[in-house]
Number of protein chains: 4
Amino acid sequence: MKKIAVFTSGGDAPGMNACIRAVVRTAIHKGHEAIGIFRGYQGMIEGDFQPMYPYSVSNIIQLGGTILRSARSKDFRTPEGRAKAYANLKANDIDGIVAIGGDGTFTGARIFMEEYPDIKMVGCPGTIDNDLFGTDYTIGYDTAINTAMQAIDNIKDTANAHDRLFFVEVMGRDAGFIAMSVGLATGAEAVLVPESKTDIQQLIHTLNTNYTNKKNSSIVVVAEGDDAGGAFKIAEEVQKHCPYETKVTILGHLQRGGRPTCMERVRASRMGVAAVQALLDGKSGVMIGEVKGEIAYTPFSQAIKHHNAINPMMLGMVDILS
Amino acid sequence: MKKIAVFTSGGDAPGMNACIRAVVRTAIHKGHEAIGIFRGYQGMIEGDFQPMYPYSVSNIIQLGGTILRSARSKDFRTPEGRAKAYANLKANDIDGIVAIGGDGTFTGARIFMEEYPDIKMVGCPGTIDNDLFGTDYTIGYDTAINTAMQAIDNIKDTANAHDRLFFVEVMGRDAGFIAMSVGLATGAEAVLVPESKTDIQQLIHTLNTNYTNKKNSSIVVVAEGDDAGGAFKIAEEVQKHCPYETKVTILGHLQRGGRPTCMERVRASRMGVAAVQALLDGKSGVMIGEVKGEIAYTPFSQAIKHHNAINPMMLGMVDILS
Amino acid sequence: MKKIAVFTSGGDAPGMNACIRAVVRTAIHKGHEAIGIFRGYQGMIEGDFQPMYPYSVSNIIQLGGTILRSARSKDFRTPEGRAKAYANLKANDIDGIVAIGGDGTFTGARIFMEEYPDIKMVGCPGTIDNDLFGTDYTIGYDTAINTAMQAIDNIKDTANAHDRLFFVEVMGRDAGFIAMSVGLATGAEAVLVPESKTDIQQLIHTLNTNYTNKKNSSIVVVAEGDDAGGAFKIAEEVQKHCPYETKVTILGHLQRGGRPTCMERVRASRMGVAAVQALLDGKSGVMIGEVKGEIAYTPFSQAIKHHNAINPMMLGMVDILS
Amino acid sequence: MKKIAVFTSGGDAPGMNACIRAVVRTAIHKGHEAIGIFRGYQGMIEGDFQPMYPYSVSNIIQLGGTILRSARSKDFRTPEGRAKAYANLKANDIDGIVAIGGDGTFTGARIFMEEYPDIKMVGCPGTIDNDLFGTDYTIGYDTAINTAMQAIDNIKDTANAHDRLFFVEVMGRDAGFIAMSVGLATGAEAVLVPESKTDIQQLIHTLNTNYTNKKNSSIVVVAEGDDAGGAFKIAEEVQKHCPYETKVTILGHLQRGGRPTCMERVRASRMGVAAVQALLDGKSGVMIGEVKGEIAYTPFSQAIKHHNAINPMMLGMVDILS
């Protein structure tokens, strides 16, 4: 292996910088040169490369976002775009790549590797949604749930002060992991996730029972991708049949950034080390994951197709504990 | 003075609990009994009173929200409602009250005191918006700006990673204080406040210039009450003429709660002490404020009518520093 | 099972309240009465019991510390003390107990259960040190590492500004888990833990090499129980042979409290639910743990005797990444 | 004015970066070139200068520490050192300087300006201790009190759980501002500051009364520079006469770093703007301050000699509210 490159792609996630740092320093520690590719696949096509040294990644472990930046690339969906990317990589003696991202990133990687198998690629799961198969935790998830939780803790202060019912929408287009964790952690009355059919009548019944029992506030956490529609739509429906004053908050993009948690930094570092090690061991086309505490390798094709299931016990806990 | 009561009314604000604690402990320290009135004027009408002891307010100084809760009261707008409230106060030997709240709270207090002048009332400015005349800082403001700032710091991570333009709407229906402070503190490109006419064309020009200068991200902070409409409307208009990918986040209710800052707790405590002292000194019908570092007393009628002006130097700083 | 009691014992840990809440609500949800025992074994001896209802544990999931409080009990080490405790439990119809604590707690439980086998006891691992066998994570650990990390992030600002070398001592009398995680997460130059022999000469060599390479600041994280002595002693030794200006900070008790993280609250809740379920399933004398993501049951005797080992890969990562 | 330079000196303080950013951008906005001097007076002597552009200070407003770094300089205390510094400044066409620091910084500036009056110097108060005359708030103070408060909030969780008495030592060698604010904000039983004589017998009496009144925990906040000695010494004395289990925590350097608060960033920015404006207005030898909300100018000689007094009402509040 001559040079090992690293890039981030898709939505940014806290911990990406810790992972970049680990890739760069491990590559160099193992005797290789490290290259940073800026703005994901688009930068690969435009040759937006920069040599990375140990000090290039000093003091970034604690930063949210990604110093390598990210971008969508329409060009990479075309054979011409990928050909340019390949030419740039070859011209720069890059034969190993660590790709940090999610679904879209690994889909692109899979196509690229079929066309240009002499470039080895290993992925690290970088997305706050925790929706990749092959890892118990994605990079960004642990930070995102703490950020969302803090916001809902704040909202709960107001809910408690005013006899109010808040619908809070958190990120998760296809997966309810964020909603489930923050719902449990904030003592939400209900958690609505894409993985289970939402029963609005049941929800209204629960909330009305709470009201009768003099429970003076309630939080309902809604995953972005819930089947019953977004928080606004659900709140509107509930408001018609419920005596609480209803409010809606969409947490939105503030869930994405922020300082990574301790576990995030450790996990992202560990995955970055493992990714370089995997390349050096001749692995390619796999995503690094952490499964039951151990490093695991999952082919891109599987990581993309399947989804992690939410532990049904977790769903049951909401009913017992709220 | 026989008994001194305290209540919170209007939107909750961090620091209200610190103020309640100070009122209760100061009243008792000065030899009086303290009463907590729950749910503001509505609780006054319903006789929702509770004696408070020093330990009743233990371990609340660090909590957001208000342990005395808050509520809107339509009944208090009627002479009958106020008559009931008065009867309850007399029946409980309450002749001094500290009212913690904002505009609506002091409007109610003013009417009540005209009808029942034997009840002495002093106010403490409890609202995150900082929009009361007679105090440089309201209780809740310092915490709210830190909460909003933290959210925008997070959003900036994403803005930087993706060449994006974010419009972030913060609270402030009539006043741009929150927007101005967090805009300066997060290095926003522009801050749109109700106090100054928003020029969308100028804004578009600034943002396009930034884009040309390769500034790869931008934050525009919009006060809820800006004259050009909310963040969604402004973003839509700007998007038509601007190459950035535009996103909108409405921070909403998460700005209201949370642990009060150090300055908040000290300020709220100080105002609570001063409010009781004012009652004991025979003052009534005034709001406690902190003006240029000193305790000030402003008649309710003035506190409500006037508004603090934003320092024009602050508005100028956004242009120089962004 | 008539009544299920819960107590906390040993050093407090964030997440204990989330666990108490889960025990109380699960017990009631399953049709049993719940009792809170205050101040651990001492309260058991003194009959410091209180019935708990769902609302008794409202709004505590987000609080550090323990609402049931904790205490050391010399009396419980005597047969007479334990006899009194037993008599109190019987008099209150308590036949199932969830004990939240660490080594000392489960040692006491084991002795008590041998003497009074008709009282069923299940433990939940509550200690920030993560030093119990039978669980990958103890209640309190995830929060403590984030608190310690935040403190070291702050210190690093100063280290970077001043060419300084900081020795930061974190908790962990017998175990280096906290030190290892925060060391990795803050990019520490070295992490000194009880589990591996500390080589001061090697440390001095590393630090001097850094200095020569113009690395202008360094953090060394020292676990309380490191074999080379505390941070002060090590710093003194290093200072003699090293050109950096050396400073020491002992983080101390601030690592213990604070708002539990999201994962902490979820984990503590899950363990509380599992503990009650275990009692109802007839289990006794076991500690609930989370092993590879699943609930596990470990006899008290084993949980106490053995220790979790630090993943050697983690120790290696410090050298690669710093 | 040809070029305007900026440097930081003395202990780092959060907000210094916001101030540097404001100086650089204001200087450029007003048509001047900006220079960064690294490592304070030592860098001035060594010619460690760097031209600064608007983007040089991008994304630093939220960072603790100082990107210009800081250092002690023995050389600057000698006429030869200062002559070298002067030569470097002249060689680089620097005729205006903004010095961000504390006592030592302005002492050095005063001597230098007497010798080389053609270099204009204006100071910004950068120190967490709030101990400079001529400003109500120094840069760093608001953040430091929030950091210290958060640490003590954590400690209070443990104090409450265990019937313990904690002595917490905070920074402040000559001034008790930090101690006073965090003491009030955390509900401390007592606050010991250099500005008032500490009466250990009275303290013991208060704590014993608390104990008798079943107050089950207590926090005593001690300023580093208190006349009765540090926290360890006082705790030892108290422990002899008091039934509480006593613990000591020295917060130390973690108080210095961290993300600046909102008010800090606004204040530091405002002072940076004002400092450049002052230079352009021909002012020299003055420290910028914020007095009663307005920008004030205080000659270095006065800023150093005098101290702000603690508001005696604040000291009284501790007794009323604890």
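Glycine too: its Cβ is placed from the backbone N, Cα and C atoms.
Per TrEMBL, the features are as follows:
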type: ACT_SITE; residues: D:Asp129; note: active site, proton acceptor
type: BINDING; residues: D:Gly11, D:Arg72, D:Ser73, D:Gly102, D:Asp103, D:Gly104, D:Thr105; note: ATP binding site
type: BINDING; residues: D:Arg21, D:Ala22, D:Val23, D:Val24, D:Arg25, D:Lys156, D:Gly187, D:Ala188, D:Glu189, D:Lys215, D:Asn216, D:Ser217; note: ADP binding site
type: BINDING; residues: D:Asp103; note: Mg(2+) binding site
type: BINDING; residues: D:Thr127, D:Ile128, D:Asp129, D:Arg164, D:Met171, D:Gly172, D:Arg173, D:Glu224, D:Lys247, D:His253, D:Leu254, D:Gln255, D:Arg256; note: substrate binding site
type: DOMAIN; residues: D:3-279; note: domain 'Phosphofructokinase'
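Annotated features taken from TrEMBL, shown on the structure.
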| residue | record | CB count, 10 Å |
| --- | --- | --- |
| D:Gly11 | ATP binding site | 23 |
| D:Val23 | ADP binding site | 32 |
| D:Arg25 | ADP binding site | 26 |
| D:Arg72 | ATP binding site | 17 |
| D:Gly102 | ATP binding site | 25 |
| D:Asp103 | ATP binding site | 18 |
| D:Asp129 | active site, proton acceptor | 25 |
| D:Met171 | substrate binding site | 24 |
| D:Gly187 | ADP binding site | 25 |
| D:Glu189 | ADP binding site | 21 |
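Other C-beta atoms found within 10 angstroms of the C-beta of D:Thr105 (ATP binding site) number 27, with every protein chain shown included.
Ranking the binding-site residues D:Arg25, D:Ser73, D:Asp103, D:Asn216 by Cα distance from D:Thr127 (substrate binding site) puts D:Asp103 first. Here the binding residues for ADP are D:Arg21, D:Ala22, D:Val23, D:Val24, D:Arg25, D:Lys156, D:Gly187, D:Ala188, D:Glu189, D:Lys215, D:Asn216, D:Ser217. Their largest Cα to Cα distance works out to 53 Å.
Annotation: D:Asp129 are the recorded positions among D:Arg25, D:Ser73, D:Gly102, D:Asp129, D:Asn216 whose CA atoms are within 10 angstroms of the CA of D:Arg173 (substrate binding site). Taking 8 Å as the upper bound (exclusive) on CB-CB distance to chain B, the binding-site residues D:Asp103, D:Thr127, D:Arg173, D:Glu189 give none. With a threshold of 8 Å between Cβ atoms, the binding-site residues D:Arg21, D:Asp103, D:Lys247, D:Arg256 that neighbour chain C are D:Lys247, D:Arg256. The Cα of D:Arg25 (ADP binding site) lies closest to that of D:Gly102, out of the binding-site residues D:Ser73, D:Gly102, D:Asp103, D:Leu254. D:Gly187 (ADP binding site) and D:Gly104 (ATP binding site) have their C-alpha atoms 34 Å apart, to the nearest angstrom. Of all the binding-site residues listed here (D:Arg21, D:Arg173, D:Lys247, D:Arg256), it is D:Arg173 whose C-beta has the fewest other C-beta atoms within 10 angstroms.
D:Gly104 (ATP binding site) sits 34 Å from D:Glu189 (ADP binding site), counting Cα to Cα. Farthest C-alpha pair in the substrate-binding residues D:Thr127, D:Ile128, D:Asp129, D:Arg164, D:Met171, D:Gly172, D:Arg173, D:Glu224, D:Lys247, D:His253, D:Leu254, D:Gln255, D:Arg256: 33 Å apart. Taking the binding-site residues D:Ser73, D:Thr127, D:Asn216 in turn and counting surrounding C-beta atoms within 10 angstroms, the largest count is reached at D:Thr127. Ranking the recorded positions D:Gly11, D:Asp103, D:Thr105, D:Asp129 by Cα distance from D:Val23 (ADP binding site) puts D:Thr105 first.
With a 10 A radius on its CB, D:Leu254 (substrate binding site) counts 27 other CB atoms from all the protein chains.
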